[in-house]
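Undergrad: Please read through the structure below; I'll follow up with questions.
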Amino acid sequence: MVSKHDPVSKKIRHFSVTACLVPICSLYGAAVTTVEGVGSIKTRLHPVQERIAKSHGTQCGFCTPGMVMSLYTLLRNHLQPSEEQLMEALGGNLCRCTGYRPILESGKTFCVGSNGCQQKGTGKCCMDQRENLSSSLDRKSDICTELFAKEEFQPLDPTQELIFPPELLRMAENPEKRTLIFYGERVTWISPGTLQDLLELKAKYPEAPLILGNTSLGPAMKAQGRSYPILLSPARISELSVVMKTSDGLTIGAACSLAQVKDFLTESISELPEEKTQTYQALLKHLRSLAGQQIRNMASLGGHIISRHCYSDLNPVLAVGNATLNLRSEEGTRQIPLNEQFLAGLASADLKPEEILESVYIPHSQKWEFVSAFRQAQCPQNALPDINAGMRVLFKEGTDIIEDLSIAYGGVGTATVSAHKSCQQLLGRRWNELMLDEACRLVLDEVSLPGSAPGGKVEFKRTLVVSFLFKFYLKVLQELKMLVRLFSMPRVDSHQPLQDPVGRPIMHLSGLKHATGEAIFCDDIPRVDKELFMALVTSTRAHAKIISIDFSEALELPEVVDVITVEDIPGTNGTEDDKLLAVDEVLCVGQVICAVVAETDVQAKRAIEKIKITYEDLEPIIFTVEDAIKHNSFLCPEKKLEQGNIKEAFEKVDQIVEGEVHIGGQEHFYMETQRVLVIPKTEDKELDIYVSTQDPAHVQKTVSSTLNIPINRITCHVKRVGGGFGGKVGRPSVFGAIAAVGAVKTGHPIRLVLDREDDMLITGGRHPLFGKYKVGFMNNGRIKALDIECYVNGGCMLDDSELVTEFLILKLENAYKIHNLRFRGRACKTNLPSNTAFRGFGFPQGTLVTESCITAVAAKCGLPPEKIREKNMYKTFDKTIYKQAFSPETLIRCWNECLEKSSFHSRRRQVEEFNKKNYWKKKGIAIIPMKFSVGFAATSYHQAAALVHIYTDGSVLVTHGGNELGQGIHTKMLQVASRELKVPMSYLHICETSTATVPNTIATAASIGADVNGRAVQNACQILLKRLEPNIKKNPEGTWEDWIEAAFEQRISLSATGYFRGYKAFMDWEKGEGDPFPYYVYGVACSEVEIDCLTGAHKIEGAFIQGMGLYTTEELQYSPEGVLYSRSSDEYKIPTITDIPEEFNVSLLPSSQTPLTIYSSKGLGESGMFLGSSVFFAIADAVAAARRERDAAEDFTVKSPATPEQVRMACADRFTEMVWNYSLFSSKVIFLFPASWTY
């Protein structure tokens, strides 16, 4: 949080910022508060920190400090904020673990009038509305309504907050006028104290940019390598922050932040008649969705305008609103219009080099004038628009005749584009459908997008050009006419002792440390003596022979120590299938070739730019599954399961449908990127490795083979991991091994931390899938035969692709009993980074194919999809396709409860009624069942060990083989130990996961970490308790400490190793049968969505939200050369807090237990991922409704993610047809529809 004295309001302004964008020099005169300054577990917790932890708003904890600071800043400005303000404050924060809801719930405890209930505004708690629940189920016996006790929270006392430093206040009230100069190695920062000084400096350094928020200049300097020797900071010039209101408009200083502009506009809108605020309302609409709160707090109005980004949200609105730019130089002042010529950068309409933008004048709108703003992006917030628009029309008073018309678009060219000629031709026309048709044709012709336009999505953008125009037409037409639930959980047994924590909503052990910033992650470990930094050199070619590598220039740079190459590896260079460092040949862009070691991370990164690599391109270059099939390029043999007689069954069915399903990849986007610290010891070749991983034993083994030293010389430490989701199972071993080679060669500790861009480029993610199905069924919807063939894009090396393919095939049948089945799968070898383990491990992709078959059958039978699902579901005790027996009773219970709790049939009728009444908006609803198999398909992967020590003071140290990834495994293990030893959790402690204390561990993955490690901890505790039993019987009234002291005196060992041999699991692929999974978990999800047919926009807990991202927003985009474009949060969109469902009800099935797992533990970490597909199928349901109404074919090809682009183009209408015809018959480049879509 940055706090400054506002020269305009004379008040202290607190605002949250994105720390990585804030130059240190810009903080002169500001107070900075970090999470460590808000509160501490060592002194006093702030209520924000306490509540986010106790409300279970923290899992891995890597994002929690940012969440805390956003909430804290909000409360410093608004003691009792509204829920809208809360959402806005958190809109710029990302979390990959929680699904955001518990974070929101903690924030709502501060909100005015909030009672934490989902049913906002009714004044009643949904738990009290028993009439909405079925009378057939007694909810009182199995529902607990609270996960935290609000009355236990400490109150928020504003008098206890840190004051603004008096010295800074004195400086602000009596500002220093002298110019401040900060000299850096390559940049000089100059901060003038007066406007005159600034104008003189601008005349002296005309090429020097002005820098305020650094939200445009900063990323450009980092990503594009731009450098400016002189930077001018006008932050202390009060004249640039002045706001003036006149009778005809509003003048806003260029230095005002976008957040301040938003406040000024809101104030003006509340004070002025509505007819005068049309432009202000349009600007305000875009300001609410432009970036996040932290960026709006930093970005300035002047910087936003002068940057003239083609995707600017404000410039199109300002242009049509006839805004004027007030410029100033040493020569004086002048005004220029903010029009198309200025936005295109024409010299005659631009600033002169010595001029600055002082302020922006935005005139009031007038009666009979209407202004609107439109934008469509991958997500509602924190996403650059695919296209946006500002539109204004002025009518002759009392008529619908156009007197003036302005239309401007962003995102369709290199600058904001005006449809000036089209507008001129429409003057004097009446506002009717004839005018609209003509306007669409004119605008499509004038606002041209060539087929090779930057950013692609050409047909989508062309469609939006006319769709926005149509939306404006409807909105104005309407205004012209006006002028002439709930989270539930099983209740703990009332007889359970209070000190027994099992089953209770225990706060995450590290929750408070997450909230105070005191939780130590890998890169938080203080710098070690003589530590060096490593940066990786990666391939820039997709498939090429390495001719030469020249790193002489890199070694000449100061502070650069060495370059690590494959020749430096004393042992093995990875495996035959997966090399650590490329040898002679590179197989993808992003493959690691060598590494630079330097004294600072900055110098290491500079050095890698100096390394010259000469390549010779090789053929073939394969990127897609289709290309791999054509070239017969596969990583492993085909996997196949079959039952019944497919050929015979297809001959006897009423109908057969064939189709394709395309599912895109997904980036793990863990908050903590890959990182490792390797510390060589002084003797015996020992190494300490601190690494962010799900599998420290694998890191240990890989380093051992790479260095050719025994495993017992290497100790891996994992304190906590900032999210993994499968992405930290195999890949950390590669980075650990490369860093270890550097440590051994140099003799220094090595720290390797990947930037987000490098992490996304190198590591791979979820496997994209291409599926083909053939389904045979009777007219009543009974499926008799199903043949599915799946191909996954494995990337350039094997990694986990074979296992993913096996699991995909094993899980394809999902919840359905179909007697004649054939499932086949192949992993394709392509020239992309190797894809790897990801939450769900093939299940979310494969089962989408199965569910798409169900939807296709429903369309052909003219029946709702839920009827087809219900008809074909497992009903009685049966065997799966691989002959594993199971009972579907729990599945059926989940299905029936979800139907009832969601009021599905009533909602279905309401959706149909809504769709009848609305042509341009459609609703969809879907209910999806899930049978998810938990665990690995091998017994040895289910073993686990634990080590428990009891010390003489009675305290207990628990160590086990699981890794804390945010799922709370350490908390659960202490719950187990507390119950078994019958001592409070306060007696227990877990330090870390270490290969020195628990060896030969299995990866914390496949949803069984708590299951198997819990059994091991239980075993160790039972051994210890059995040793203590004689003393307990001898002194039953004694205390725990008495019994431990007596045991020590009697020389009874107070240390025990616990062990769990694992669940039996096996699979024989030759026979196509086995018992590969210990047990199943079941779930059902119902989602209802609303789509905008004109733009494709759709309104939608941990895994569910991540799954929703997979199926709706997360899209990986590659260049034709195989370079990953979407390498940051700018291009790759995971769900944000504004994307979570407006109503989100989750419940656990009551009295659902399994004797197989400890305390009925259930592996739910991955299964919820697929339930997010209910959103996808609800969107598909809405699209199908739109296509039915437009007489378009319902059986369109399924493609995931269902981005706004895909949804809009699937909603075929006269505008998509108009764009299609335009593409066919214009002289411009013709856009060809992708083969994966049917229109």
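Using the three backbone atoms N, Cα and C, a Cβ is placed for every residue, glycine included.
Note that TrEMBL annotation is computational and uncurated.
So TrEMBL says this about it:
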BINDING   Cys20  [2Fe-2S] cluster 1 binding site
BINDING   Cys60, Cys63, Cys95, Cys97  [2Fe-2S] cluster 2 binding site
DOMAIN    182-367  domain 'FAD-binding PCMH-type'
BINDING   Leu210, Ile211, Leu212, Gly213, Asn214, Thr215, Ser216, Leu217, Asp313, Leu357, Arg375  FAD binding site
BINDING   Gln694, Phe725, Arg839, Ala1006  Mo-molybdopterin binding site
BINDING   Phe841  substrate binding site
ACT_SITE  Glu1166  active site, proton acceptor
Undergrad: Please name which of the recorded positions listed here, Cys95, Leu210, Ser216, Asp313, Glu1166, is nearest in space to Phe841 (substrate binding site), Cα against Cα.
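TA: Considering only the listed recorded positions, the nearest one is Glu1166.
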Undergrad: So around the Mo-molybdopterin site, Gln694, Phe725, Arg839, Ala1006 aside, which residues have their CB within 8 A of the centroid of those CB atoms?
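TA: Near the Mo-molybdopterin site, beyond Gln694, Phe725, Arg839, Ala1006, sit Gly724, Gly726, Gly727, Val729, Ala837, Phe838, Phe841, Leu965, Thr1004, Ala1005, Ser1007, Gly1165, Glu1166.
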Undergrad: Widest Cα span across the Mo-molybdopterin binders Gln694, Phe725, Arg839, Ala1006, in Å?
TA: 12
Undergrad: Going by C-alpha distance, which of the recorded positions Cys60, Leu212, Asn214, Arg375, Glu1166 is nearest to Phe725 (Mo-molybdopterin binding site)?
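TA: Considering only the listed recorded positions, the nearest one is Glu1166.
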Undergrad: List only the single closest residue to Cys60 ([2Fe-2S] cluster 2 binding site), chosen from the binding-site residues Cys20, Leu210, Ser216 by CA-CA distance.
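TA: With Cα distances computed to Cys60 ([2Fe-2S] cluster 2 binding site), the winner among Cys20, Leu210, Ser216 is Cys20.
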Undergrad: From the Cα of Cys95 ([2Fe-2S] cluster 2 binding site) across to the Cα of Leu212 (FAD binding site), what is the distance in angstrom?
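TA: One finds 28 Å between the Cα atoms of these residues.
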Undergrad: Considering every residue in the domain 'FAD-binding PCMH-type' (182-367), what is the mean pLDDT value?
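TA: Looking only at the domain 'FAD-binding PCMH-type' (182-367), pLDDT averages out to 94.
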Undergrad: Relative to the mean position of the Cβ atoms of Cys60, Cys63, Cys95, Cys97, the recorded [2Fe-2S] cluster 2 site, which additional same-chain residues have Cβ within 8 Å?
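TA: Along the chain, the qualifying residues are Thr58, Gln59, Gly61, Phe62, Thr64, Arg96, Thr98, Met671, Gly722, Gly723, Gly966.
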Undergrad: As a test of the contact definition, list every same-chain residue at least 6 positions from Glu1166 (active site, proton acceptor) whose Cβ is closer than 8 Å to its Cβ.
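TA: Long-range Cβ contacts: Arg839, Gly840, Phe841, Phe843, Phe932, Ala1006, Ser1007, Ala1103.
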Undergrad: Please name which of the binding-site residues listed here, Cys95, Cys97, Asn214, is nearest in space to the residue listed as '[2Fe-2S] cluster 1 binding site', Cα against Cα.
TA: Asn214
Undergrad: Using C-alpha atoms only, work out the spacing between Cys95 ([2Fe-2S] cluster 2 binding site) and Asp313 (FAD binding site) and round it to an integer in Å.
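TA: Cys95 ([2Fe-2S] cluster 2 binding site) and Asp313 (FAD binding site) have their Cα atoms 26 Å apart.
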Undergrad: What's the CA-CA gap between Leu210 (FAD binding site) and Cys63 ([2Fe-2S] cluster 2 binding site) in angstrom, rounded?
TA: 32
Undergrad: Hey, how far is Arg375 (FAD binding site) from Cys63 ([2Fe-2S] cluster 2 binding site), Cα to Cα, in Å?
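TA: Distance between the two Cα atoms comes out at 29 Å.
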